[in-house]
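Below is one structure, written out as structure tokens; comments come after it.
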């Protein structure tokens with residue numbers, strides 16, 4: 001505290017009135033000796049009496065030493081009931097010094113790590129969490145104790161309870177906690193929420209992390225953990241473009257770039273997920289940026305696959321399966337497959353989505369090169385039935401990816417976008433002016449010819 005003052009539990013800042021350090025130096029060794037002889041209760045009563053004097057005199061250092069000594073003696077004597085009882089008693093004493101309580105709690109936190117008997121450990125954690133509740137000056141210790149408790153609950157199979165306990169912590173508001181530790185806590189909260197399939201809460205918690213933090217040194221492990229959790233979250237949401245961005249962030253991480261196998265797997269996932277993402281301006285821009293990556297040369301099959309989706313030509317699904325199916329789903333010795341199109345329920349769904357992306361690509365190409373086309377011809381080009389083709393076309397029109405009007409009676413699709421009335425009027429006016437100028441010029445030339453003939 002400023003000017004050597006100590007803060008009491010009620011918030012008052014007080015100065016030390018009497019220095020008891022010499023008395024404490026003398027009494028503590030005597031008490032330790034008596035405690036080892038089994039006279040613990042007598043020692044505690046003596047120390048509590050001394051603690052009252054040091055506390056009243058606002059001697060923070062001496063009070064801290066006494067509080068730490070009491071809990072230490074109880075711990076060494078394995079008097080667990082006495083330990084819990086004294087923690088509660090000492091923290092609630094009238095006008096107790098905050099720094100002294102903080103020192104005692106910090107000492108007890110080391111005992112939590114050392115105790116192996118689970119019921120005793122849980123009781124001590126419970127006592128310490130009760131003592132630290134609502135106290136800002138021991139918020140970090142409370143957070144660490146809560147994390148330990150959540151870990152124990154998870155190990156015992158009660159993941160739901162572990163997630164619930166850890167969610168109590170609003171660590172993003174803990175100014176005294178290091179940024180790195182705060183991020184570790186938030187990532188643990190995300191992991192447990194995903195484990196209990198609480199995706200909405202995971203999404204909310206993920207927003208508490210500013211990704212600029214991962215640009216700092218020694219944050220690569222946390223960065224990879226964060227993006228892997230985000231991939232799991234977006235897999236559930238089916239947001240392929242977001243997954244692609246997460247894999248790009250993983251791919252750009254120096255420790256991934258350092259290992260050929262790892263960056264290749266990450267880049268393969270980037271390519272596959274950007275292809276799986278429905279077409280829009282952002283997806284199109286990302287496809288072209290990924291296409292410019294020189295490292296794609298080292299995974300030629302994936303480079304060629306990406307090129308198919310940037311080339312303004314129709315693709316046949318059967319040809320694509322023949323050329324790339326084995327590589328994408330099973331891989332080869334030189335190029336292992338990713339888990340994107342694995343033989344799982346999710347893998348099969350993504351494989352089906354890839355076929356949908358091929359169909360959508362082909363319809364966009366038709367909209368570019370055709371003004372009108374029959375339904376039968378379009379279905380033939382897409383290798384689909386008429387009904388399936390119409391369903392895909394309708395979906396693209398609804399998403400405003402293309403413009404089309406279907407005459408179902410005639411079986412004709414019109415891709416020509418109707419012109420804006422103002423533009424139409426301007427075009428008509430311009431053409432009319434051009435026509436009148438031509439008529440005027442023609443009339444003038446006829447008159448000129450007549451005059452020449454009359455002179456002759």
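Counting begins at 1 with the first residue displayed.
Yeah, the Cβs are placed from backbone N, Cα and C, and that goes for glycine too.
Per Swiss-Prot, N-acetylalanine is recorded for 2, and the stated evidence type is similarity to another entry. The SUMO2 cross-link annotation in Swiss-Prot covers 92. As annotated by Swiss-Prot, SUMO1 cross-link applies to 92. Taken from Swiss-Prot, the feature N6-acetyllysine applies to 221, 368. The domain 'PCI' annotation in Swiss-Prot covers 242-420 and rests on sequence analysis.
DSSP classifies residue 92 (SUMO2 cross-link) as coil under the three-state reduction. Distance noted between the C-alpha atoms of residue 368 (N6-acetyllysine) and residue 221 (N6-acetyllysine) is 46 Å. Each residue contributes its Cα atom, and for residue 92 (SUMO2 cross-link) and residue 221 (N6-acetyllysine) these two points are 41 Å apart. Under the three-state DSSP scheme, residue 368 (N6-acetyllysine) falls in the helix class. All protein chains shown were included, and the count of other CB atoms within 10 Å of the CB of residue 368 (N6-acetyllysine) stands at 10. A sphere of 10 angstroms centred on the C-beta of residue 221 (N6-acetyllysine) encloses 11 other C-beta atoms.
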